[in-house]
Structure formats: structure tokens, C-alpha cells
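Per TrEMBL, domain 'Alpha-D-phosphohexomutase alpha/beta/alpha' is recorded for 58-90, 124-179. Look at TrEMBL and you will find 67, 284, 286, 288 tagged as Mg(2+) binding site. Per TrEMBL, active site, phosphoserine intermediate is recorded for 67. The domain 'Phosphoacetylglucosamine mutase AMG1' feature in TrEMBL is assigned to 181-291, 307-459. TrEMBL lists 389, 390, 391, 520, 521, 522, 523, 524, 529 with the feature substrate binding site. Annotated domain 'Alpha-D-phosphohexomutase C-terminal' per TrEMBL: 495-549, in sequence order.
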């Protein structure tokens with residue numbers, strides 16, 4: 001590192017000193033904390049993003065958001081060249097520079113890292129970073145700190161894209177690195193045109209139930225509520241009413257949003273008895289999660305939840321159907337020996353009823369540890385990989401090889417049997433690949449795909465909800481002395497250490513019909529998370545409590561004695 005580069009980092013980092021007693025770690029969601037202590041972190045992640053751009057020789061994204069957290073929090077994370085999450089290999093370096101106690105320590109860490117990674121430094125190459133933020137009041141100053149971090153690396157430039165949903169920034173990064181147009185307008189245009197294509201391909205014999213045509217969306221008083229009206233203007237075939245847009249004076253994520261609705265299973269603010277029988281949806285604060293719900297007629301503060309597991313199931317049913325149509329016997333198959341590989345990826349938190357339903361459809365279902373980065377990585381191994389967490393975060397990935405084959409198949413069908421069912425199936429799959437955000441879970445694009453499939457099948461939200469009945473479940477957490485004492489395997493469903501606890505859990509599970517339970521350490525605090533399922537809610541509660549007692553006996557402070 002030359003003297004000019006050193007002095008640039010020293011001078012700029014001295015404006016953003018590390019707060020006393022603060023130690024942060026980069027997780028799936030990047031760094032998150034109270035916004036008041038994050039300026040130095042945002043500055044240093046700006047440096048990190050510039051180094052990542054130099055290393056990959058690609059455009060990188062930096063997003064200021066804390067998603068479904070309360071409004072006083074904020075966070076900062078990086079979007080890699082694919083539009084996905086920062087490579088896990090760089091997370092330890094992210095932690096190290098975020099917690100470097102002085103500017104001198106920071107310089108030393110950067111110097112060692114660029115040598116280890118063979119990053120061409122000192123202005124030899126240029127780097128470009130796209131910056132975005134959600135609607136939090138703290139976003140502006142944190143974005144400025146991040147920009148200063150980027151600009152403290154010689155040859156790096158920062159482009160402020162303004163207020164965006166997190167998925168929009170990821171989409172832009174992916175599109176730019178594929179040499180595609182990548183403005184916010186391009187994003188809305190691609191989503192709306194792909195949606196219109198799917199609507200145009202709905203079979204003539206399916207009569208759309210006009211009484212079920214309206215969708216009411218809870219915008220969580222966040223950026224999704226701000227962007228939805230823009231999208232709505234481009235969609236004539238969808239009647240959307242936006243509530244909690246943030247313009248009515250509500251507080252971000254307070255009594256609203258997908259996280260609140262999914263966990264509490266109650267109506268968000270602004271919804272009541274007038275909404276009984278209407279299809280409703282809820283976004284989270286940065287619009288990367290989506291859940292649907294309907295207001296119960298007998299208790300209008302309660303909801304019937306349609307969560308990420310059921311969104312996954314809907315997508316899987318539709319895609320499997322289109323692949324089946326495409327693979328019908330005929331003289332016009334491009335490759336007789338080729339069969340698309342469709343995979344569904346879940347975590348252990350997926351409701352057991354959803355897994356059973358998907359397996360009965362003949363689908364391959366695999367599990368990964370909790371965390372979007374694991375799900376996304378696994379889904380990328382398939383021609384078409386669908387992943388969702390129950391919280392409503394998920395997407396569909398299409399391999400480049402599959403899309404090339406699909407384009408070729410569509411061209412072949414277009415010349416031989418234009419307008420055939422097989423060609424329509426090919427066109428639908430191509431439209432889905434453009435509508436869905438393949439970089440990351442995206443509440444807006446997921447919502448449009450849900451709406452298109454419901455119209456295609458002529459289903460109400462109640463028809464969709466009846467695909468299967470969720471098993472009752474319960475989640476608890478137990479404070480422990482040291483969460484790292486728990487080591488798990490088999491996608492976090494089996495405890496390897498400490499010895500004896502898994503056998504004890506198995507004994508408890510065996511007492512309950514359709515029982516299932518596992519424990520896993522939190523990624524951020526000294527607690528053990530307990531999940532339990534059983535045939536009745538009472539049984540699920542009892543099983544969760546029994547397993548929580550075991551966790552306390554083996555790992556905790558022995559309070560359950």
C-alpha cells in the first residue's frame with residue numbers, strides 16, 4: 001500500500017472512530033445494530049465493498065437496511081457480483097475490519113488482506129459500488145459514511161441509487177454485471193411485462209373469479225409500501241390496495257409487516273372486519289419477505305396465515321405442471337435424453353406438513369442449515385431450484401444451461417407448433433425466470449408470481465391455503481452459558497455435542513403423535529432455539545417445553561430442575 005493510499009484511509013477513518021465496547025459480526029444479514037453505533041461500520045464496509053469490487057473486477061452493491069428490525073436499528077450488507085450475498089470466505093475479514101480498534105490497525109489488516117488475496121491495489125484498477133438504503137431516518141448519514149469508505153480506496157467510485165428495496169439493489173447488481181439495463185425503471189418494466197405475459201397465457205377455459213380479484217397489501221410502513229404504487233400503475237390486470245405505505249404516519253415494522261404477521265398470527269394495523277374474505281399480503285420493512293393471510297370471520301383480530309412454505313408449494317406445483325406439459329411425448333423434443341432437474345430446498349423450520357406434501361408430489365426435497373446463504377447455494381445446484389423459509393423469504397433459481405435449452409425448445413416449438421400447449425408452457429417458464437428475482441428473495445416479484453399463478457389456476461386464497469394443513473408448532477428459546485457448546489449435524493436437526501442430549505430429545509419426541517423437535521444455537525446470542533411440532537397445539541407446546549427443559553439441564557443454568 002503506497003503512502004497516498006495510507007493517508008487517504010487514515011484521514012477518512014479518523015472521522016468515523018469505533019464506538020467503545022462495541023463488537024459486531026457479519027451474519028447472513030450483514031451487520032445490524034442500533035443505528036447510533038453504526039457509522040464506523042458503514043464506513044468500513046464501504047472499504048470492504050471497494051476491495052471486493054477490485055478482487056472480482058465486477059460491480060458490487062452496498063445496502064443500508066435492517067429489514068424487519070425496529071426503526072431505531074439499521075444495518076449494512078454487501079451484494080456480490082451475482083446479486084447474491086457476500087461470499088462466506090470474506091465474512092471473517094468483514095468482522096476483522098469492522099472491529100479494528102484504531103485506523104492504524106485498520107491499515108494493517110487491509111494491507112495484509114490485499115497481499116493474501118492478490119488484490120491489485122493503489123489505483124491500478126477501478127472499482128464501482130452501487131449504494132442503496134431503505135426509508136429509515138438514519139439511512140442518509142450511514143450511506144454517507146459508506147460512500148466515504150468507498151472513496152477512501154484509490155480508483156473506487158460510489159453511485160448512490162437512492163431509496164430502494166433491498167431486492168432492487170441486488171437485482172441491479174446482477175443485471176449490471178450481466179451487461180443488462182439496470183435502473184429502477186428497468187426493474188419495474190421487467191416485472192410488469194413478465195407478469196402481463198403470464199396473465200396473457202392463462203388458459204381460456206379458466207374463468208377468473210372477479211369477486212376474489214382484489215389484493216390488499218400491508219407495506220410495513222417501509223420502502224415496499226412506497227414502491228408498490230409505482231408498480232401498481234403498470235399493472236391493469238391486478239387490483240391492489242396498499243395500506244401502511246409509510247405515508248399515513250405509521251412506524252416502520254411496528255404492529256405491521258411480514259415478520260409481525262407471521263410470528264404473531266394476528267392482523268397488522270389498518271386491517272379489521274372489513275377485510276374478512278379478502279386476499280391480503282404483508283411485506284417486511286425492506287420488501288424481501290412476503291406472507292399472505294386472510295382475516296378470520298369469527299375473530300377479526302386473528303388471521304389464517306399462508307406463509308413461505310405455502311408460497312414455495314404454490315410455485316412448485318405450477319413449475320412442475322409446466323415441466324410436465326413441456327415433456328409431453330411428441331416429435332418436437334429438442335433433446336430426447338434431457339429431463340429438467342427440479343429441486344426444493346427447505347430448512348428444519350419448514351412445517352412438516354409442507355415437506356410431506358411436496359414429497360407426495362414426487363419432488364426432490366433437501367434441507368440445509370438455517371440461513372438464506374445456505375438455501376441459495378443449494379438451490380443453485382438444480383436446473384430449477386426453489387427455496388423458501390417459512391418467514392416468507394425465498395426465490396426460484398434457473399440455471400443458465402436450462403434457460404438456454406428452454407429458449408431453444410421454445411424456438412423449435414414456435415416454428416413447428418406455434419400456440420401449442422407445449423409452447424405455452426415454455427413461454428410461461430421463461431416468463432417466470434424473468435419475473436422472479438434470481439438474486440435474492442423479493443416480496444414484490446414473489447407477490448406478482450403468486451397472483452399470476454392464482455389467476456392461472458382460478459384459485460382463491462382459501463383454495464391455496466387448503467393445499468395441506470400445517471402441523472401445530474411451537475418455538476422457544478433457552479438462555480445458556482455458552483451456545484457454542486452445541487454442535488449439530490444433518491441440517492441442524494441432530495445434536496452431536498454435548499453427548500446424551502439427542503437421545504433425551506428422541507425419547508420426548510416419541511411420546512407425541514407426529515412429533516418432531518430439534519434444538520440449534522442462535523447465531524447472535526447465548527440462547528438455544530427450540531422447535532417442536534405435533535398433531536395438536538397442546539402436544540406441540542408440551543413437547544417444546546420438555547425439550548426446553550432438557551436444553552436447560554444440559555446447557556443452561558439448571559433453572560428448570
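Positions of Cβ are set from backbone N, Cα and C atoms, glycine also.
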Original post:
Going by C-alpha positions, which of the binding-site residues (389, 391, 529) is nearest residue 286 (Mg(2+) binding site)?
Top reply: 391
Original post:
How big is the Cα-to-Cα gap, in Å, between residue 67 (Mg(2+) binding site) and residue 391 (substrate binding site)?
Top reply: 13
**OP:** Round to the nearest Å and give the CA-to-CA distance linking residue 288 (Mg(2+) binding site) with residue 521 (substrate binding site).
**Re:** 24
Subject >> Cβ-based neighbourhood (8 Å from the centroid) of the Mg(2+) site, residues 67, 284, 286, 288 excluded >> reply: 65, 68, 134, 165, 166, 222, 224, 258, 283, 285, 287, 289, 393, 443
Original post:
If you count the other Cβ atoms within 10 Å of each Cβ, which of the binding-site residues 284, 288 comes out on top?
Top reply: 284
**OP:** Determine the mean pLDDT over the domain 'Alpha-D-phosphohexomutase alpha/beta/alpha' (58-90), rounding to the nearest whole number.
**Re:** 96
Original post:
Near the Cβ of residue 389 (substrate binding site), how many other Cβ atoms are there if near means within 10 Å?
Top reply: 23
Original post:
Per DSSP, how many helix, strand and coil residues does the domain 'Alpha-D-phosphohexomutase C-terminal' (495-549) have?
Top reply: 22 helix, 16 strand, 17 coil
